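Participant: Sharing a structure here in structure tokens format.
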Amino acid sequence: MSENAMGSTMVEEQFSLGERALALARDFAAHKKKAGGMPTAWLEKTMWSLGLEVHQQQFSHTLPFPDESRERYLVRGTNVYGILRAPRAASTEALVLSTGCAPGPHNNQAVGLLLALASYFRGQIYWAKDIIFLVNEHDLLGMEAWLEAYHDVNITAVRSSGPLGRAGAIQAAISLELSSDVVTSFDVAVEGLNGQLPNLDLLNLFNAFCQKNGLLCTIQGKLQRSDWDSLPAYARSLQTLLLMVLAQASGRPRGEHGLFLRYRIEAVTLRGINSFRQYKYDMSTVGKTLEGMFRKLNNLLERLHQSYFFYLLPSLSRFVSIGVYMPAFGFLILVLILRALDLWMKLNKTDPGGSDQLSDSDHGPSTTEVGETPPAPPGAPSRLLLTLCPQAPRLLALVPPVLVCHAAGLALYYLPVLGQSVATQHFPVSEAEAVVLTLIAIYVAGMALPHSTHRVLGGPGSVAAARGWMVLKLLALLYLAAQLTALALLNFSLGFLLAVTMVPAAAATAPTGPRVLLALVLVLATPAVTLLLGIFLERELVEAPAAPGEGWQRFLGALGQGLLLHHLHGAFLCPLLALGTYPCWLLLWNVLFWD
């Protein structure tokens with residue numbers, strides 16, 4: 001634990017309202033069933049009776065296309081929250097305990113425990129921060145609406161009611177998911193929107209109190225083995241690490257806590273698991289763990305900042321810091337830089353006689369086959385431009401591939417959502433299916449674009465036709481290196497997965513050599529295939545292998561959910577792949593079929 005204010009678990013937890021939490025959960029379930037949704041009136045009445053300052057927020061949002069997985073298009077809901085004002089401070093800082101109101105029996109016990117904790121906290125006098133008890137509707141949509149209204153911003157165009165009752169600046173948040181009267185373990189989710197991670201101290205705090213109260217805690221659904229120095233333990237840690245990499249690379253929040261991280265609020269989601277393990281823990285034990293965490297967070301004098309924000313977790317007790325994994329990524333980028341430097345040197349190589357020529361096994365016709373190119377006089381423009389473009393029109397040979405590839409990326413980004421109504425009029429598909437199928441059609445069509453514009457503009461046998469592919473590949477390599485480097489600083493897992501798949505293919509791509517083999521390697525390196533293989537890998541790691549048909553359906557669902565995540569919450573994975581990575585891959589595809 002790096003933060004001194006949270007460096008010890010020496011607090012005496014006294015929460016003993018486990019039975020009351022279960023009674024409140026039963027009342028909540030009954031009123032939810034009677035109301036057919038969020039029992040707003042009952043929640044407000046109950047929070048008022050507990051001595052909280054109660055507010056509600058109504059919100060609505062129209063999705064860009066129907067979400068068939070949850071069967072919703074026009075979403076309307078209500079968030080209810082109560083504020084426990086700190087008796088020893090002036091409402092300058094706050095903590096949040098939240099849970100969602102989900103259909104059916106899901107999360108009823110979480111709401112009951114939240115209300116029981118509010119009742120217990122109300123009787124304590126040591127709070128130096130306001131505590132907000134939030135029950136939100138419609139999972140991430142409700143949480144997004146509440147956070148935007150609380151911070152007085154409008155990022156996703158969600159419509160909500162007037163100004164909210166405010167507490168202090170939120171320092172930390174815990175989202176609770178609990179659907180049974182007893183639990184056998186707690187699973188913690190850390191991945192947020194766009195792969196953001198909370199400060200490692202918050203995770204260490206949860207782990208410390210779980211150990212103190214004897215609770216089993218897991219991450220990625222994996223329990224750390226006791227024989228940590230054995231081969232099976234290393235294999236378990238590798239599975240956990242790969243699952244975290246895949247989850248972070250997706251950019252999708254693994255819980256409602258993921259939206260807090262955008263506002264620089266450290267947050268995690270705690271999920272109660274009731275499995276077939278022998279030891280069971282009641283609500284009192286779970287409540288004591290949460291009480292201890294909030295009492296430690298109450299001691300904070302500043303925002304959590306002393307521990308790591310960039311890390312990978314093979315288990316809850318060990319982590320891999322950015323200083324360990326970043327050099328490996330740097331070596332992958334170094335491959336692109338060295339290959340680009342090699343191309344640059346070949347393009348500028350001059351023989352003793354003064355005429356430019358290529359001495360590589362995959363070179364094109366030399367300038368002496370087309371006509372003598374006079375040596376550049378002192379003070380003239382770059383020798384590379386004179387070599388490639390002895391005539392100005394030959395510069396145009398490289399413009400069409402770049403423009404066409406980026407136009408395909410723009411079409412991939414805009415047309416699926418804008419053209420859904422046209423697709424549903426001409427084909428017997430739903431709007432959601434039309435969006436996904438249009439996305440796939442544009443993606444595949446980009447591979448069939450004409451690759452002979454350089455021969456039309458430069459003429460057959462021209463210097464531009466001979467050496468243009470080298471300049472185009474040089475541009476593509478530098479473009480890819482810049483993208484991956486910037487991406488690794490925002491979402492390392494996504495940048496690493498793209499680098500592992502695309503760097504070898506990019507370095508080997510050339511219009512000479514075994515073209516069929518190179519084309520197969522390049523197709524396997526495309527982001528869409530990487531997503532499909534990642535889905536199958538994730539199912540293997542969770543020990544629930546997917547058949548080809550199931551994997552394909554999950555792939556289609558991931559495409560639709562990725563688009564919704566971008567339009568609803570501002571995830572950058574969709575525009576990154578459509579406007580950056582896909583055009584860069586098409587440039588390499590043009591290089592392969594240059595001849």
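Backbone N, Cα and C define each Cβ position, glycine as well.
This is the feature table in TrEMBL:
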type	residues	note
TRANSMEM	319-341	transmembrane segment
REGION	352-377	region 'Disordered'
TRANSMEM	395-414	transmembrane segment
TRANSMEM	434-452	transmembrane segment
TRANSMEM	464-482	transmembrane segment
TRANSMEM	488-509	transmembrane segment
TRANSMEM	516-537	transmembrane segment
TRANSMEM	570-593	transmembrane segment
Participant: Could you tell me whether the transmembrane segment (488-509) and the transmembrane segment (570-593) are in contact, taking contact to mean 3+ Cβ pairs under 8 Å with a sequence separation of 6 or more?
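Facilitator: The answer is yes, given that the two segments have at least 3 Cβ pairs within the 8 Å cut-off.
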Participant: Between 395-414, 464-482, 488-509, 516-537, who has the most Cβ pairs under 8 Å to the transmembrane segment (319-341)?
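Facilitator: Between the stretches 395-414, 464-482, 488-509, 516-537, 488-509 has the largest tally.
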Participant: Short question: most Cβ pairs under 8 Å with the transmembrane segment (464-482), which of 395-414, 488-509, 516-537?
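Facilitator: Between the candidates 395-414, 488-509, 516-537, the best contact partner of the transmembrane segment (464-482) is 395-414.
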Participant: In the same chain, who gets a Cβ under 8 Å from the transmembrane segment (516-537) while lying at least 6 residues past its ends?
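Facilitator: Non-local partners: 242, 246, 249, 440, 443, 497-498, 501-502, 504-506, 508-510, 545-546, 551-552, 554-555, 558-559, 577, 581-582, 585, 588-589, 592.
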